[in-house]
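Chemist: Let me give you the structure first, and then I'll get to my questions.
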Amino acid sequence: MLLSALSLLLSPLVSASSAADYYVRSLPGAPEGPFLKMHAGHIEVDPDTNGNLFFWHFQNRHIANRQRTVIWLNGGPGCSSMDGAFMEVGPYRLQDDHTLKYNEGRWDEFANLLFVDNPVGTGFSYANTNSYLHELDEMAAHFVIFLEKFFELFPEYANDDLYIAGESYAGQHIPYIAKAIQDRNKGITENGGTKWPLKGLLIGNGWISPADQYPSYFKFIEREGLAKPGTSLHHNINALNEVCLSKLETPGAKNKLDVGACELVLQQFLDLTTEDHQCYNMYDVRLKDEAKSCGMNWPPDLKNIEPYLQRPDVVKALNINPAKKSGWTECAGMVHMAFTAKNSIPSVHLLPGLIESGINVLLFSGDKDLICNHIGTETLIHNMDWKGGTGFETSPGVWAPRHDWSFEGEPAGIYQSARNLTYVLFYNSSHMVPFDNPRQSRDMLDRFMKVDIASIGGQPSDSRIDGEKLPQTAVGGQANSTAAEQNEKERLKQTEMHAYTKSGEAVLIIVIIGVIAWGFFIWRSRRTRRGYKGVSNNDMSDSTSVLSRFQNKHSGRDVEAGDFDEAELDQLHSPSIEREDYAVGEASDDDDHIISHPETGGNRQSS
């Protein structure tokens, strides 16, 4: 025990001090191909309590018109962001407990991707067990300290457009962190320094407004046909819902993050519908789970993540501080119990100010999630006031339309947007949208960040709003690696050679035209030497130089392309030069239609 305590006290002295110390040189089980550039390890945020946050950073595969960084957070509170890294938006998915494969919907395509186990004590992060956090503002303060030190280590990312994304209880974390960043930036403006360009927030199936979302449990259960009217189940759940609604009307209840009477609605539904030791999966009601778990064993990939992240070679590869002795767990029960947030107001109260300050916000929901269901998200939007309107009101009594979204020919969901807030509903999707719809969720991210891949190329995805094709976003190719750099050099060399060839062909055509024009001029000058009357009745034969004749011609008007007869130009066309050799581009049929863009504190600390 004494040695363990001593190692924790000494850990800041032996912690990494430069970016090179965080470099991930290899990753057990990684697929063949160019190795991704990544860094991982701990950053100290509170020396008094040995508070350290673990991060894992992936460099983007491509840069499209500007540098971007996306921070991803899972919820709980107390659930590791390695869930997001290995089951949702990271570059890899686990095939088994020792083999990785590429994720087809990876979010590091056009953005640097930063996963953080937050708050301290979560996942690979650690702190003294008697110093776990209790409030949202404490968590946000730690996170700003983390970012200060991260950007000191990696200053090349400090000016990236910054986005914060996550799901479930991260719906509380993200707005609080955004507000803390804004407060920090204001201080930087006054005292000098680099502001972090925070551009947007993305929250999936978020726990944001308990007062709006608790009543949605019964509404969702009814709408999905999980409790038929007239049955005892329906009667019992409705009675519990009435108690919840009554409790929410008591003074101060709407500013609480956890209302016990409302938690009972979900808990009793799961208990009363348990049959043959099987209950509904509260994260995907299309599925069942063993009794008492009710979704805690889901997704199926989960069984591979813990063994993989507890492997000694993986722990070493990720530069885990030896002072972290307990090993990785998905959700830390002690962190969850400590994080009561009794003195914190729900993050929904922060969203209007963030939006009005110019930050774009995107809320997205999978339609089969119960615990943070889409009805609750739609209700909180409907009741929220921001930028001079209520909900998706575009003018008094007029609401922004819902647009049908299709992806590669299949219905994907619905888009709705007004005044810097966008809502996306994903069809056939769970609490973890990117797990079910990896490529569609990446398409959503790219559009929200306004990614422009016009200069990159690649095979675009077919994404449409109300049948109208959206700008291209998807692209393939090598990652940022040695092989990628070599391929890029080769591509530039070929481009230069192609340009040189084209320029040579262009010069040849000009020379041919010049020779013919010169010969024609000589022939005409011999015939008209006796005195040709020009249009202005001037005798052109008196001109003594070729230059003066060109000057006389130029004094009229500029020569336009339309002055030439196409038939004459065709006569100059060399049969050895094909049209595609000197074509400079083709018309694009892309249109200009652009859509800009909890893991509750209840029974389970979810992903």
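Heads up, the Cβ atoms here are built off N, Cα and C, so glycines get one too.
So Swiss-Prot lists the following for this protein:
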SIGNAL    1-19  signal peptide
TOPO_DOM  20-502  topological domain 'Lumenal'
ACT_SITE  S168  active site
ACT_SITE  D369  active site
CARBOHYD  N420  N-linked glycosylation site
CARBOHYD  N428  N-linked glycosylation site
ACT_SITE  H431  active site
REGION    458-487  region 'Disordered'
CARBOHYD  N480  N-linked glycosylation site
TRANSMEM  503-523  transmembrane segment
TOPO_DOM  524-607  topological domain 'Cytoplasmic'
REGION    532-607  region 'Disordered'
COMPBIAS  535-550  compositional bias 'Polar residues'
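Are these features on the surface or tucked inside, and what touches them?
Modeler: When averaged over the topological domain 'Lumenal' (20-502), pLDDT in the model lands at 92.
For S168 (active site), the Cβ neighbour count at a 10 Å cut-off comes to 32, with all displayed protein chains included. DSSP assigns S168 (active site) to coil, not to a helix or a strand.
Residues within less than 8 Å, Cβ to Cβ, of D369 (active site) and separated from it by at least 6 positions along the same chain comprise N205, M282, Y283, D284, V285, S429, S430, H431.
A 10 Å cutoff on Cβ-Cβ distances gives N420 (N-linked glycosylation site) a total of 19 other Cβ atoms nearby, all chains included.
If you draw a 10 Å sphere around the CB of N428 (N-linked glycosylation site), it holds 15 other CB atoms from the protein chains shown.
A 10 Å cutoff on Cβ-Cβ distances gives H431 (active site) a total of 30 other Cβ atoms nearby, all chains included.
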Chemist: C-alpha of S168 (active site) to C-alpha of N428 (N-linked glycosylation site): distance in Å?
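Modeler: Cα to Cα, S168 (active site) and N428 (N-linked glycosylation site) are separated by 18 Å.
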Chemist: Calculate the distance in Å between the alpha carbons (Cα) of N420 (N-linked glycosylation site) and N428 (N-linked glycosylation site), and round it to a whole number.
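Modeler: Distance (Cα to Cα, whole Å): 26 Å.
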